[in-house]
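What follows is a short report on a single structure.
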Amino acid sequence: MKKLASDAGIFFTRAVQFTEEKFGQAEKTELDAHFENLLARADSTKNWTERILRQTEVLLQPNPSARVEEFLYEKLDRKVPSRVTNGELLAQYMAEAASELGPSTPYGKTLIKVSEAEKRLGAAERDFIHTASLSFLTPLRNFLEGDWKTISKERRLLQNRRLDLDACKARLKKAKAAEAKATLWNDEVDKAEQELRVAQTEFDRQAEVTRLLLEGISSTHVNHLRCLHEFVKSQTTYYAQCYRHMLDLQKQLGRFPGTFVGTTEPASPPLSSTSPTTTAATMPVVPTGAGLSPPEEAALCLEEVAPPASGTRKARVLYDYEAADSSELALLADELITVYSLPGMDPDWLIGERGNKKGKVPVTYLELLS
């Protein structure tokens with residue numbers, strides 16, 4: 001009972017001190033400028049960490065219901081159930097459609113190929129979400145639920161110590177004023193001075209503890225910086241996988257014979273070689289003659305192909321490429337090759353040479369060098 005009464009008295013004294021400060025009726029011990037800067041920096045770190053965390057969660061899981069479900073599973077310390085990605089679900093629908101509409105038809109074959117690519121995209125997305133959650137979201141959550149809660153607790157303690165200190169200062173001031181009027185004994189002033197010394201010691205000790213925690217925000221920034229690099233790395237890997245999967249799909253679909261049989265509309269013309277948005281635009285194209293041979297007669301005979309007198313360039317290979325047939329040149333990432341264009345060639349392809357080997361190479365796998 002005595003402890004409860006004592007706690008209630010302390011709470012009341014702090015409430016009175018806080019209220020009087022708000023109305024300008026009591027003096028308040030101010031923290032130094034460095035300490036205030038540390039507090040502001042810590043608050044900014046907490047606020048922006050929360051925003052980045054929430055938006056990254058939206059990026060990885062756009063469905064709000066699914067996010068709530070995952071949050072509840074985490075709070076209950078239970079494993080989040082595996083969820084089919086949108087790409088995997090689309091792949092399933094396409095495969096079922098192909099089975100029902102005819103897997104041997106051009107449309108059915110294409111549906112099957114696209115479904116396989118979508119399934120790979122879905123798997124890549126699942127890996128990205130898992131990696132990003134572990135390397136980026138988890139550290140941010142750990143800071144908010146761990147370090148920040150500790151900092152907040154110590155800041156509240158510091159606030160209470162500061163209120164106690166200022167309350168003791170006010171009591172000592174009143175005691176000295178009463179002593180001057182000879183209405184109090186000297187021992188009342190001594191008691192007030194002793195309480196002030198204790199309060200000052202406790203305040204200084206708590207201020208030091210809080211200051212050390214706030215200065216640790218710099219270490220938090222270093223840790224979050226490392227996690228940010230990991231997030232970018234995982235996102236880069238994910239998009240590179242998607243890019244390769246779609247390039248492979250496009251190449252496979254281009255080899256399907258008769259896929260567009262029955263189409264009466266002419267194929268769209270290729271993009272102009274002057275377009276600044278196409279990689280092929282940077283390659284010099286030899287002007288074509290007025291009387292080009294028909295396509296079947298214009299097939300490239302690689303043994304007879306000679307590079308133009310001018311217009312060859314160096315290119316760095318971005319990704320490994322497996323040649324589909326003897327007319328193509330297999331590529332290895334990061335190697336340098338010589339490339340050039342020939343009259344009548346598909347603008348998405350170039351002739352590549354490496355040593356005594358030559359063959360067609362896809363432009364999208366290359367970085368053209370000046």
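Heads up, the Cβ atoms here are built off N, Cα and C, so glycines get one too.
Averaged across the coiled coil (175-209), pLDDT in this predicted model comes to 83. Among the features that TrEMBL reports, coiled coil is placed at 175-209.
According to TrEMBL, the feature domain 'BAR' maps to 20-262.
Here the domain 'SH3' (310-370) has, by DSSP, the following mix of helix, strand and coil residues: 3 helix, 28 strand, 30 coil. According to TrEMBL, the feature domain 'SH3' maps to 310-370.
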